[in-house]
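**Q** Here it is: the structure, laid out below.
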């Protein structure tokens with residue numbers, strides 16, 4: 001059994017043992033527990049506070065019934081917690097919106113700050129005062145929820161139990177709290193110590209679940225932060241004086257000047273008394289939330305010990321109306337209630353029994369306004385605020401459960417928020433459900449999720465369908481702007497080359513390069529660069545047809561010019577051989593070659609556009625949250641035939657240029673054509689797998705890149721060497737130099 005096992009779990013074990021007895025009636029053993037404070041109601045909320053902080057010790061044997069437990073030493077702070085719970089319940093009863101027409105009652109028991117009385121209090125809350133339960137021990141609890149206790153080891157539903165062990169939902173499925181777990185505080189304390197550069201510390205803790213678990217987490221975190229712990233001692237508020245004295249002596253003789261005290265308020269009080277007796281001073285104390293803000297410890301006698309103490313505090317708050325409620329507490333509210341009389345006697349140092357000598361008699365006219373103690377002090381409402389929130393959490397939960405089955409939407413409050421759907425909890429009533437966030441692309445009306453229409457997507461809150469973002473390669477985005485810039489740069493550079501060729505059109509180099517074909521090639525290259533712009537922007541019916549047709553025809557024209565130029569070079573050189581009777585290629589034949597090569601591509605494009613033209617397509621398959629607007633090819637065969645025809649012209653050109661690479665010429669144009677065709681083919685061979693695998697607008701970007709890369713390759717490989725001679729080496733721009741006649745022959 002886990003050391004953190006809740007009293008509820010212990011009760012279940014006891015009930016199961018009793019149920020196994022073959023008796024006709026399930027009977028309670030011992031005497032029933034009665035609440036300190038009680039009020040009946042339609043909904044009952046239980047409370048467990050250690051209103052007394054000491055309990056009489058009694059011997060427990062297996063043969064004799066245990067002696068009745070006697071709790072002493074009234075705890076004003078815990079009594080304030082109990083009255084805060086009553087105050088919250090009275091507020092709820094007076095509310096017209098929360099649990100209307102339903103009264104809330106309470107049963108508040110005294111746990112006495114010890115496990116055994118806490119167990120009796122828990123059983124009293126669950127069983128009530130009935131002594132028999134019929135033929136089985138199963139039945140309805142007398143309360144619907146329990147707030148308490150303050151200490152982790154005996155808690156059920158708590159406002160001040162911070163032990164991380166209680167976060168285990170498997171072992172403690174019914175435990176909730178309105179205060180953070182020590183899992184976070186312990187690690188924060190380690191980081192706090194590290195922040196101040198304290199790497200050698202001592203540690204003292206409460207010998208219970210709160211202290212043991214909290215300190216274990218602190219030591220683990222401190223070790224990771226490089227902090228060494230000299231000693232780790234434990235005390236309990238029930239420890240013998242010798243044990244407390246030994247722990248304080250360890251602190252006093254230790255070399256660590258920083259002490260981390262993961263102690264409850266009571267243990268810290270005991271430790272300080274002994275530290276005061278042994279005159280311990282000069283230590284830096286780092287405290288847990290239980291005592292670091294306690295006004296009871298902020299006394300002058302402890303100032304030499306605690307001055308400069310640091311730690312993490314629970315957030316304080318103001319509760320409107322609580323102080324006036326506390327100041328109205330009076331024994332006359334319930335004359336038969338002994339705890340109210342005891343509170344009054346402890347507060348004013350008087351007695352309602354006139355027979356006691358040396359003690360003044362209480363008149364009942366004393367005023368709490370004249371007293372300042374932990375009960376009346378509301379300047380530091382930290383734990384009281386957690387009690388207040390716990391009561392309201394129970395009230396809201398009960399309100400939602402009671403309204404769960406009603407059909408009216410006005411009062412149908414566990415319904416889920418927009419963007420969430422209801423999910424039935426297995427084994428629970430139909431009105432008990434979990435709220436699960438809708439999946440992406442779905443919205444809800446608080447009951448179930450429904451998908452958005454195909455061209456719509458859910459907003460961040462999943463409560464409204466909004467049009468999907470339409471994505472395409474645009475001029476406004478960086479990639480589109482860069483590609484457009486390179487396209488215009490290439491076209492401009494081609495025009496510059498055209499101007500250079502036109503300026504030197506009468507020189508031998510330009511004439512030898514077949515000026516008509518060169519200018520036509522430069523024109524086609526300009527169009528190749530510019531056709532890339534048709535791929536950028538929002539696809540339309542016309543732009544989709546234009547981009548592929550322009551691409552196919554301009555590149556067919558370009559490669560046809562190069563192919564014709566290559567054939568011209570080969571024929572021109574072979575015609576100079578004496579034995580060869582092949583006539584020189586006429587201008588008419590050159591023009592026919594260019595037009596013929598281009599016409600076939602035009603014919604292919606016309607057939608493609610007639611049968612299955614490209615069209616704009618909204619792609620919703622690749623990305624569910626957005627629409628990719630792209631140009632569908634219409635006919636994939638048409639596209640690949642266009643591309644294949646360009647590839648065929650390029651391969652023919654490469655073969656002819658390769659065969660003519662060793663012709664006798666100082667300026668062998670066939671070599672440059674060979675290089676240009678190698679680059680061209682390499683680009684488009686690489687383009688095919690990249691085009692097929694690229695998603696969305698990146699498909700368009702890949703095609704534009706291939707167009708620009710191949711165009712730049714043709715421009716530089718064919719025209720850069722010529723521009724170099726024309727502009728930088730004019731002495732080579734002679735007929736003799738180009739024919740190689742000025743070289744010495746071997």
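Start at 1 and count along the chain as shown; that gives each residue its number.
Glycine residues also receive a Cβ, built from the backbone N, Cα and C atoms like all the rest.
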**Q** From 594-611, 612-629, which range did TrEMBL mark with transmembrane segment?
**A** 594-611
**Q** Thinking of Cβ pairs under 8 Å, which stretch from 549-573, 637-660, 704-728 has the most of them with the transmembrane segment (672-692)?
**A** 704-728
**Q** Most CB pairs under 8 Å with the transmembrane segment (479-504): which of 516-537, 549-573, 637-660?
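**A** Looking at each of 516-537, 549-573, 637-660 in turn, the most contacts to the transmembrane segment (479-504) are made by 516-537.
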